Amino acid sequence: MKLFLSTPPTNLIETNIQVTGSKSESNRLLLLQALFPNIQIENLSNSDDGRVMKNGLGVSFGEVDIHHAGTAMRFLTAYFASQEGKEVVLTGSKRMTERPIKVLVDGLKELGADIEYERNDGYPPLKIKGKKLIKSKVSLPANISSQYISALLLIAPSLENGLELDLVGKITSVPYIKMTLGLLNQVGVTTFFEGNVIKVSPEKDVLDKIMVVESDWSSASYFYSIVALSEVGTKISLTAYKSDSLQGDSVLAELYRDFGVETTFLENEIVLRKTAEAQPSINYDLSNAPDIAQTIAVTCFGLRLGCHLTGLHTLKIKETDRLEALKAELSKLGANITVTDKTLTLKPSKTINNEVAIDTYNDHRMAMAFAPLALKNSIIINDAEVVSKSYPDFWTDMEKLKIGIKEL
Ligand SMILES: O=C(O)C1=C[C@@H](OP(=O)(O)O)[C@@H](O)[C@H](O)C1
Ligand SMILES: C=C(OP(=O)(O)O)C(=O)O
């Protein structure tokens, strides 16, 4: 599906949007619920990634296809490895077979798991024969993806002796590890995290609790971008959010102040208001919030600001090589951009080319990050259906902002 987005009649916007539940929180809670069925969940994400996770957890034998969902691939690998009697081949999209998983497989094997590579060493598909895992100590590199660590932590309370992780190297995407530990704590599991060591106690039961998933902060980033690109006076309310979020991307509230966007936290919602013009240049280390890098780069381009973004070393192994994808697509729009394997630098742009067709590389965030540029100029988004990976209602919600959307 190719969408033509045209500028709204006015850049002064006022609306209220209900955003779906966090896919990160949802996929963690779904796994915990499979281990401890007395956990109840509300406001689950309606995303593809949430759906494949839920379906995968219902399978005991045969093939499980998790498509593009990184969290489902990593979390289910740990889950099936620890489920005595289950035997599956865990696979995904072509891109998923290029996203590394060796660190997690090695860690699980150290605990006694039976996992084989079906095709290429270090990459899915994986053949997993579930076993009772008795060992409880693992050492693993922490600088490639935090999802390997979260996967081990999520099964940890169900292991006979709990788990002790020794993390090697600089820990990346730390807030996602803290989210995992936070959710474990909320259902009554005791954890410890200091320096490079994480411990999780074994538990036979957890608390009878209704866990309410907060809405997705990474999805909120596109509205931050829209408010930043609109006129002073614009106001967008988003539900259901809270100030004591477990999601690291809630740092948006702080970062977008530099773009003149003020956030007010109300009961269950945030109100984003454009109150001032943006700062002249932007320098952020995004190693704790990699999923908002595309949003921020595009906001800067749309506001004709220069920026220097660092801490982007994980972007090359996500849904696509996001650094190369940003470089290619922003260049088409007229940007002066350079990337390394962990940084992105943008010079203030002079023009924003009109009616450029943006390729999305099977990456939901490419489609959603570029959409706000419709406030500045008409833009075409190729394969726009990719948004369903995390935010299936994205285009319907864009229409509420009066952005003209036509299928080509
Ligand atoms: O644990 C999670 O829910 C996630 C962790 C991050 O991945 P990395 O740890 O690989 O950076 C993030 O990019 C991804 O969208 C979701
Ligand atoms: C990187 C992402 O997802 P995952 O790694 O879970 O596929 C994302 O949603 O930006």
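Glycine is treated like the rest: Cβ placed from N, Cα and C.
Of the residues Ser6, Ser173, Ser331, TrEMBL puts just one in the 3-phosphoshikimate site with Lys23, Ser24, Arg28, Ser145, Ser146, Gln147, Asp291, Lys318: Ser173. For Arg322 (phosphoenolpyruvate binding site), the number of other Cβ atoms no farther than 10 Å from its own Cβ, over all displayed protein chains, is 26. The 6 Å Cβ screen around ligand 1 retains Ser146, Gln147, Ser173, Asp291 from the recorded positions Ser146, Gln147, Ser173, Asp291, Arg365, Lys389, ordered by sequence position. Selection of the binding-site residues Arg28, Gly70, Arg99, Ser146, Ser173 by a Cβ distance under 6 Å from ligand 2 yields, in sequence order, Gly70. Checked against Asp291 (active site, proton acceptor), the binding-site residues Ser146, Gln147, Ser173, Lys389 differ in C-alpha distance, with Ser173 being the nearest.
The closest partner of Arg365 (phosphoenolpyruvate binding site) among the binding-site residues, by CA position, is Lys23; the full candidate set was Lys23, Arg28, Ser146, Ser173.
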